[in-house]
Ligand code: G4P
C-alpha cells in the first residue's frame, strides 16, 4: 500500500534492528485519513470471505480494525488485555506472551459477541512473532467460529510470525512488509506489481 509505505519511510523511526517506531500515525497519534485507506484496503482484500466480525486487540489494533469493519459493514470486537470491571462471567480467555515486552497477558473477549457461525477477520497493527494473532485465533476457535484471515498493517518479515501463521493454515495479508531494519534504514520486501 503506497501511502502507508510512504508514511513508514518519512515518519518511521528505526529504534533498533528489531523495532520500528511509528507513533506519529499508528501507535500514539493516529492519522484518520490513513486509517480510512487501510480499512478500505483490508475490506477489498477480504471482500470474498463472507466476514461477519472483525476482531483485534487493544489498543493500536482498534483504529485499523474499526475502519475495516465500517467498510465491511460488520461489528468490530477488541480483545481486552486488562480485566474489565463489567466483564466477569462468560468470557473467553487466552494467554499471549510478548517477546518484545517479556510478559504474558491474559486477553479476554465476552462469549456473547462470538458464535460458531461467525467468520472472523483478525486485524492487528504489527506482526512480529505472531503471539497476539495466534491468541486471537485461539479465542475464535474456542467458540467453534472460523478465522477467515489475518490482516496486518506492518509485518516485520524478518521475524517468524507470518511464516508460523501461514504454516498453521491461516491466510495472512499484510499491507506493508518490512524485510529489515538495519543501520537506521527500513528495507521493504519486494512486492510483485
Ligand atoms: P507478536 O504479537 O507478533 O508476537 O508481537 P510482540 O509480542 O513482539 O509485540 C508486543 C507489542 O509490541 C504489540 O503491541 C506489538 O504491536 C508491538 N510491536 C512489536 N514490534 C513492534 C515494532 O517494531 N514497532 C512497534 N511500534 N510496535 C511493535 P502492544 O504492546 O499490544 O501495544 P498497543 O497495541 O497497546 O499499542
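Yeah, the Cβs are placed from backbone N, Cα and C, and that goes for glycine too.
Lifted from TrEMBL, the feature list:
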- 20, 27, 156: xanthine binding site (BINDING)
- 45-157: domain 'Phosphoribosyltransferase' (DOMAIN)
- 128, 129, 130, 131, 132: 5-phospho-alpha-D-ribose 1-diphosphate binding site (BINDING)
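The structure, with features from TrEMBL marked on it.
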residue: 20; record: xanthine binding site; contacts (Cβ under 8 Å, 6+ apart): 8, 12, 13, 14, 154, 156, 178, 181, 186
residue: 27; record: xanthine binding site; contacts (Cβ under 8 Å, 6+ apart): 21, 60, 125
residue: 128; record: 5-phospho-alpha-D-ribose 1-diphosphate binding site; contacts (Cβ under 8 Å, 6+ apart): 99, 100, 156, 159, 161
residue: 129; record: 5-phospho-alpha-D-ribose 1-diphosphate binding site; contacts (Cβ under 8 Å, 6+ apart): 99, 159, 160, 161, 164
residue: 130; record: 5-phospho-alpha-D-ribose 1-diphosphate binding site; contacts (Cβ under 8 Å, 6+ apart): 160, 161, 162, 164, 165
residue: 131; record: 5-phospho-alpha-D-ribose 1-diphosphate binding site; contacts (Cβ under 8 Å, 6+ apart): 96, 97, 98, 99, 161
residue: 132; record: 5-phospho-alpha-D-ribose 1-diphosphate binding site; contacts (Cβ under 8 Å, 6+ apart): 57, 96, 98, 107, 124
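Under the DSSP three-state reduction, residue 156 (xanthine binding site) is assigned to strand. Confidence across the domain 'Phosphoribosyltransferase' (45-157), taken as the mean pLDDT and rounded to a whole number, stands at 95. In this view, residue 156 (xanthine binding site) is surrounded by 23 other Cβ atoms within 10 Å of its Cβ, with every protein chain counted. DSSP classifies residue 132 (5-phospho-alpha-D-ribose 1-diphosphate binding site) as helix under the three-state reduction.
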